Amino acid sequence: MTPDPARMDALDATWKDKPGLWGFLTTVDHKRIAARYIVTALLLMFLAGVLALDMRWQLSVAENTRMGPQLYNESFSLHGSTMLFLVSVPVMEAMALWLVPLMLGTRNMAFPRLSAFSYWLYLGGVLTLWIAHALDITPDLGWFEYPPLSGPSYSPGHRADIWAQMITFTEVAALAASVNVAATILKMRPPGMTLARMPVFLWAMLIASLMTILSMPAIMLVTSMLISDRLVSTHFFAPAAGGDVLLFQHLFWFFGHPEVYIIFIPATGFVSSIVETFSRRPLFGHNVLVLAILAIAALAFGLWVHHMFAVGLPRLGNDFYTGASMAIALPAGLQIFCWIASIWSGRVVLHTPMLWIIGFLATFVIGGLSGVMTASASLDLQLTDTYFVVAHFHYVLVGGAMFPLFGAFCYWYPKATGRLMSERWGRVAFALIVGGFNLGFFPMHVLGLMGMPRRVYTYPAEMGWEWLNQVATAGSVIAVLGGLVFVGNALASYWRGAPSGPDPWGGSTLEWACPSPPPAWNFAYTPRVSSLTPMWEDASRIAVFDGIAVDRREVLVTSVTDAVPVYRQKSASPSIWPLVAAAAVSAMFIASIFTPWAIAAGLLPIGAALTGWFWPTRARATSGPLRARS
Amino acid sequence: MNRASPLLAIGLLAACSGRQSPLAPAGDQAETLHQLFLLALAVCGIVYLVVVAALVWSLMRRGRDEDRDGAMRGLNRGLWATGIGIVLGVTILIVGSFLADRALFATRGEDALEVRITGHQWWWRIEYRVGGTARWIETANELHLPRGRTTRVLLGSADVIHSFWVPNVAGKIDMIPGRRNVLDLTPRQSGWFRGQCGEYCGMQHAHMAFDVKVEEPAQFEAWLARQSRMARPVGDSRGMHGQAVFARTCSACHAVRGTTASGRAGPDLTHVGARRSIAAGTITMSRGALQGWIAQPQALKPGTSMPAIPLAPADADAVAHYLAGLR
């Protein structure tokens with residue numbers, strides 16, 4: 001696959017961004033945009049982690065006065081909203097944005113400018129929430145702001161509006177990213193990569209994207225209804241005027257539960273990739289894994305009510321949702337069996353990414369099992385809204401999604417930078433984070449069972465919760481230290497790491513075929529795939545196609561099921577319009593907190609930006625034969 | 001949970017003395033849920049041990065496969081066994097959950113003492129129905145229950161969503177504006193317990209607790225009879241002064257039955273001196289604590305609706321004396 005230098009120069013000339021600030025602002029390169037997404041999300045993870053440490057400090061002593069109630073309530077609201085809406089979901093989309101074209105052997109996403117728009121709008125949401133925090137208008141009602149508490153009567157001021165609009169920002173950004181990922185995976189696979197030959201990672205990203213597209217409208221609807229109640233005095237959630245406060249909860253969790261799997265399913269994709277590579281065998285049970293992800297995705301839309309068992313809904317329904325929630329154990333358990341079976345029958349190499357997978361399995365299963373406990377409609381009445389639930393969702397989100405993410409970061413780091421991370425410091429970070437996390441969060445199960453409710457800024461000394469809270473605080477400190485080691489290792493390795501070459505781990509999928517770091521154009525030729533693990537089929541001789549233009553931006557579009565080449569599609573060039581459009585949309589969203597007229601007035605600049613963006617050009621698609629190269 | 005089982009054991013021991021813990025059940029509903037919890041803990045504990053054992057075995061084994069086809073057949077059998085095992089485990093828990101759910105509602109058809117509890121930011125209005133009539137006896141922040149009898153709590157909210165939770169007696173049920181939820185409580189052990197709001201309800205969610213006393217039916221009836229009386233007449237001059245100041249400055253929000261004070265915004269204080277704590281479980285009741293609370297409510301419970309009303313020292317002293325005497 002090594003192309004000749006002249007071809008590489010030509011590709012560089014076509015695909016490389018302009019240098020400097022203009023190139024930075026106009027780029028549509030999926031790798032640059034995804035890297036921005038990931039760096040922003042990691043920075044926010046750090047900031048929200050500092051908030052968590054501060055809260056742990058407050059709770060380590062009964063009747064502590066480090067924080068007052070207002071500051072504490074703001075802290076957990078900002079921590080939860082940031083971690084869920086601005087870290088977990090976006091970072092998973094960003095991983096897809098970075099990896100999907102590489103794993104497909106293609107040159108960019110299906111809608112390159114939409115990738116850029118998605119990031120800029122996400123950044124708008126980030127700035128809205130965190131600049132508001134700097135201005136002391138921090139949302140203070142948790143990461144789900146139930147009315148009537150969040151309604152106009154009980155939350156005057158703009159804290160609740162900031163939260164609701166931040167959601168709108170991130171959800172539009174998430175929809176843009178998801179549509180892009182789904183279209184790319186369905187229409188831009190390399191010849192030969194039929195649906196049956198699609199790696200589990202791509203299935204995971206495809207399914208998570210489709211779930212995003214199906215679930216996000218519910219949250220956008222519900223936050224818009226909340227804003228209407230607050231801004232123009234509609235009464236969706238006002239019981240005195242015939243509204244219903246539970247409508248909010250239903251719509252929120254119809255999104256909120258799938259969201260958990262929108263975070264977890266990409267993680268199963270990371271796990272599958274890493275387990276396959278480091279077990280040195282094709283994954284055991286590929287079909288089972290894919291069907292399990294599909295089953296989880298389908299079930300995810302049928303169990304939102306398990307977040308509402310204590311609201312007093314009809315009991316027959318509660319039993320149904322108990323069954324549906326517990327049913328998740330079957331596909332999730334089979335997934336875990338397949339990964340362990342792959343390790344069992346492979347020849348395991350324990351590099352850092354694989355350590356993270358072991359940490360994931362040992363930790364996530366606890367979260368899964370505590371999830372089975374809370375899935376019981378009756379037992380949940382003792383567990384919901386206590387520290388047991390706090391422990392549970394941190395076990396599934398951190399153990400189940402962040403540990404695989406950290407593993408994925410270590411695994412694909414050499415691909416992104418061309419350098420290896422230090423194994424020694426990688427192990428230190430792994431031990432500190434996994435050990436600290438378990439020390440910090442396991443005691444919270446017990447605290448919940450000792451009656452400690454969540455979201456309390458303090459508690460009386462005689463409740464006997466103090467010492468376990470101190471253990472939890474100590475564990476969190478250790479985990480954060482581990483996080484600093486992890487980041488330090490990543491930074492040091494960026495400049496000092498040993499060169500990795502294109503394929504340091506002996507990976508099984510196509511991204512390992514291109515150079516590290518990948519050039520702007522990713523692949524010089526279109527690869528041809530004949531198995532699930534193309535890199536293990538005599539990798540030096542992957543069959544490739546020529547015929548995609550070198551002198552203009554062009555990508556190959558193939559059919560949905562069989563990946564038969566269909567036509568060559570013009571790929572969008574760098575443009576400032578996505579940034580302008582995102583800025584216009586941001587202005588409208590923020591102004592609409594203050595006046596409904598902003599929605600009408602704001603449409604004009606948005607319309608102007610979109611006109612510039614979509615100004616027609618000739619030759620959107622071309623046809624012509626692909627030539628097989630040997 | 002092997003690594004953490006000593007921790008859990010210690011925690012369980014500590015919790016058994018807890019007066020706000022689902023692990024120390026003192027009533028039928030909590031007992032049912034405690035048994036369901038132990039069943040779930042056993043099933044999940046076994047599953048976790050199996051998973052960790054399988055993981056360790058797989059890592060130690062390092063793929064020594066002389067017979068590759070045989071190994072694959074073994075894995076396929078293992079896949080089926082895992083699936084069947086999960087279905088069995090989940091079925092046990094679903095059936096257990098269903099039976100527990102039925103048990104929670106077993107008393108629903110029977111007559112019971114009715115108590116209406118309304119959540120406020122951040123305190124509890126508690127009203128006992130006078131048997132078979134439309135009359136209600138009002139108190140606040142302290143719930144008394146007769147041991148061995150079923151009390152039916154009718155839950156509502158005056159403002160935002162709260163959640164009624166006395167873990168030693170039963171699981172939590174939300175208090176939702178515009179809706180009425182019902183929860184049956186059948187306590188079996190006498191003693192003091194503690195309840196706390198389970199749903200985040202604003203700034204002082206952390207200080208929305210209440211005391212629960214389970215007592216013998218005879219004692220309970222005596223207590224209820226005391227609660228139904230008007231406030232007892234004040235005997236001394238300091239008390240008279242306190243009553244006058246109270247009527248002037250506090251009666252817009254608080255009621256003391258038998259006097260002119262009849263405000264409804266705050267807790268009924270007719271027998272406040274007999275209660276165990278002040279400001280929804282925030283501070284322990286004493287005459288000094290009452291005076292401190294009147295002087296500095298925003299320092300003790302920042303954000304509370306109770307305003308700090310400037311009173312001359314003699315007036316504040318008299319009001320505290322008066323309230324402490326309302327037993």
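Just so you know, the numbers here start at 1 and follow the chain as drawn.
Glycine is no exception: its Cβ is also placed from the backbone N, Cα and C atoms.
Curation plays no part in TrEMBL annotations; they are all automatic predictions.
Annotation source TrEMBL lists domain 'Cytochrome oxidase subunit I profile' at A:16-530. If you average pLDDT over the domain 'Cytochrome oxidase subunit I profile' (A:16-530) in this model, you get 96.
According to TrEMBL, the feature transmembrane segment maps to A:34-53 (among others). Among residues of the same chain six or more beyond the transmembrane segment (A:34-53), those with a C-beta under 8 A of the stretch's C-beta atoms are 75-76, 78-79, 82-83, 86-87, 90-91, 93-95, 97-98, 115, 119, 122-123, 126, 130, 416, 476-477, 480, 483, 487.
Among the features that TrEMBL reports, transmembrane segment is placed at A:116-135 (among others).
What TrEMBL records for A:162-188 (among others) is transmembrane segment. For the transmembrane segment (A:162-188), same-chain residues at least 6 beyond its ends with a Cβ under 8 Å from one of its own Cβ atoms are 77, 81, 85-86, 89-90, 93-94, 96-97, 100-101, 104, 106, 109-111, 114-115, 117-119, 121-122, 124-125, 128-129, 132, 137-139, 141, 145, 150, 198, 202, 205-206, 208-210, 212-213, 216, 219-220, 223-224, 226-227, 230, 555-558, 560, 585-586, 589-590, 592-593.
Marked as transmembrane segment by TrEMBL: A:200-227 (among others).
Long-range contacts of the transmembrane segment (A:247-271) within its own chain (CB-CB distance under 8 A, at least 6 residues past either end) are made by residues 84, 88-89, 92, 95-96, 144, 146-147, 200-205, 207-208, 211-212, 214-216, 218-219, 221-222, 225-226, 236-237, 289, 293, 296-297, 300-301, 303-308, 311, 335, 339, 357, 360, 393, 396-397, 400-401, 404-405, 407-408, 411. Marked as transmembrane segment by TrEMBL: A:247-271 (among others).
The transmembrane segment annotation in TrEMBL covers A:283-305 (among others).
Sequence annotations record features per position, and here TrEMBL assigns transmembrane segment to A:354-373 (among others). For the transmembrane segment (A:354-373), same-chain residues at least 6 beyond its ends with a Cβ under 8 Å from one of its own Cβ atoms are 267, 271, 274-275, 278, 325-326, 328-329, 332-333, 336, 339-340, 348, 379, 383, 388, 391-400, 403-404, 406-407, 410, 426-427, 430, 433-434, 437-438, 442, 445.
Long-range Cβ contacts of the transmembrane segment (A:393-413) within its own chain (Cβ-Cβ under 8 Å, at least 6 residues beyond either end) map to 83, 88, 91-92, 95, 98-99, 260, 263-264, 266-268, 270-271, 273-274, 277, 351-357, 359-360, 363-364, 366-368, 370-371, 419-421, 426, 430, 433-434, 437, 441, 444, 486, 490, 493, 505, 511. For A:393-413 (among others), the entry in TrEMBL reads transmembrane segment.
Per TrEMBL, the feature transmembrane segment maps to A:425-447 (among others).
The transmembrane segment annotation in TrEMBL covers A:467-487 (among others).
Per TrEMBL, transmembrane segment is recorded for A:575-591 (among others).
What TrEMBL records for A:597-615 (among others) is transmembrane segment.
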Most CB pairs under 8 Å with the transmembrane segment (A:200-227): which of A:116-135, A:283-305, A:575-591, A:597-615?
A:283-305
Report, as numbers and ranges, which residues of the same chain sit near the transmembrane segment (A:116-135): CB under 8 Å and 6 or more residues beyond its ends.
26-28, 33, 36-37, 40, 44, 47, 74, 78, 81-82, 85-86, 90, 93, 158-159, 162-163, 165-166, 168-170, 172-174, 176-177, 180, 575, 578-579, 581-583, 585-586, 589-590
